[in-house]
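For reference, the structure is listed below as structure tokens.
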Amino acid sequence: MKYTILGLLVFLLFAHGVSPVKYSTPQEEEITIAAASDLRFAMDSLVTVFKKTYPSYKVTVIYGSSGKFFHQISNGAPFDIFFSADKEYPLQLQEKKLTASSVNLYAIGKLVLWSKKLNPVTKGMNTVLDPSVKKIAIANPEHAPYGKKAKESLIHYKLYDKIKSKLVLGENISQTAQYISVGAADIGIVALSLVMSPELQNQGKYYVIPDTTHTPLEQAYVILKRGEKKKGTQLFSTFISSPSAKSLLQKFGFSLPK
């Protein structure tokens with residue numbers, strides 16, 4: 001009877017999202033990272049370098065839109081670190097007392113106008129007015145920081161009202177790039193970090209959108225309550241500030257915060 005009751009208690013713990021306390025050694029410790037989709041290729045490279053130094057730590061990265069991660073984390077999603085495409089979402093989590101560190105800037109993102117069908121270098125942003133353009137992809141401004149900045153740039157150039165009926169919204173910036181890559185959109189505004197990746201760098205042409213046309217893409221990360229006591233989380237946080245990590249971020253088109 002004793003074992004039946006114990007089994008029932010364990011079942012109830014898991015059913016309510018509560019895991020029994022587990023004292024892990026470094027060999028067993030796993031770090032779970034929620035990362036904005038503009039980091040898809042850069043973060044993979046960062047994790048590879050990190051694991052060369054700390055091979056005993058398992059690092060799992062989930063990619064998505066920063067806004068959706070904000071809501072998931074607010075509702076108890078099991079992440080240890082959150083790398084956002086802006087600083088606002090981490091700051092809001094801090095206000096909710098869901099963080100275990102300060103909010104740290106790690107990169108400044110850049111927007112590009114990218115197409116596999118047209119060359120936007122010549123006409124810049126006015127390329128979206130080309131008669132051949134039927135669909136224009138941007139990330140959803142409601143929950144994707146890169147989408148919000150893309151909309152700001154289009155408004156700056158007085159183009160938004162002219163082309164908004166042609167917009168195709170990606171759930172995140174990675175999906176937005178995929179729309180253009182597979183031909184579901186003729187052109188679009190995506191992250192420089194994605195078009196500079198080995199997978200996309202030889203596809204199409206891009207125009208770097210001036211930073212002055214939108215508010216800065218200041219990207220920040222924060223350690224969450226779940227990762228507070230994990231040694232691996234602290235090590236990864238320190239690693240992100242290292243020269244090798246900064247060099248990798250620059251390789252993918254990011255600027256470094258001053």
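Glycine is treated like the rest: Cβ placed from N, Cα and C.
Annotations in TrEMBL come from automatic prediction, not curation.
According to TrEMBL, the protein has these features:
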type: BINDING; residues: Ser66, Ile173; note: molybdate binding site
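Ile173 (molybdate binding site) carries a helical DSSP state (H, G or I). Annotation note: Ser66 (molybdate binding site) sits in a helical segment as assigned by DSSP.
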